[in-house]
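Report on the following structure.
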C-alpha cells in the first residue's frame, strides 16, 4: 500500500515552553493488558492442523475473525461517530478507503468501518471466493484476498484501541478485546498474512500481549519502540 508522509513540525512557543507530551496510551497500562477471558496458548490454536487444507483453514479462521471483530466494534459503535472520529485514525496514521476503481476516498471512521465490513461480508458469503460446498475449489486469488481482508480487520481493531479503549473499559470488554487481538495477531503472523510494516503502529501493544502467548515481535523487541518514537513528528496517510 502506498502512503504519503508529511512532516508536522512542532512550533515552539515564544516563551520557550516545550510542547505538551503525547497522551498516555491507556491500553498499555499493566492493569489492563493483563486482562484476558482465557489463558489458552493461542500459538498452538492458530497452527494448521494435520490433514486440513490450508485454504480451508484460512477461510474458516478469516470468517470467524470477521464476525468477532465486527461484534467487538458494534459494542462501541455508538461512540464512533462522524463528529467524534472525523477520520479513520490510529495513533499518528490516517487511513483512506480505496474504491473498486482505486479512487482514494477520505471518510470518517464509521464510514471506513462500514466499507470494510460490507466488502468483507460480500466476499465471505460469495461461493466463488469462500466455497462451502464439497469439491468446489478456491480461486487462485484467494490468499491475496485473505491478506486484504486481514489488513482491513487489523485497522478496525487498532482504531478501537486507539480511539475507543475508554468506552471498552467502561463496558468491561477489554478482556475480550485483548484476547481477540492476541489471537488475531498470532494468526496473521503464523501465515504471513499482513506485512509487518502495516502492524508496526501497534507494536507496543503486540509486544505486551503476544510475548506471553508464544509470539514474538516480527521486527524485534527494540524496533517497535524506536519506530514509534521516530514517528512522533510524522503523520502518515494510507
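Note that Cβ sites are derived from N, Cα and C of the backbone, with glycine treated the same way.
What you are looking at is a predicted structure, and each value in this text was computed from that prediction instead of being measured.
Checking the ranges 185-211, 212-238 against TrEMBL, the region 'Disordered' annotation falls on 212-238. Its Cβ taken as reference, residue 164 (Zn(2+) binding site) is surrounded by 23 other Cβ atoms within 10 Å in the chains shown.
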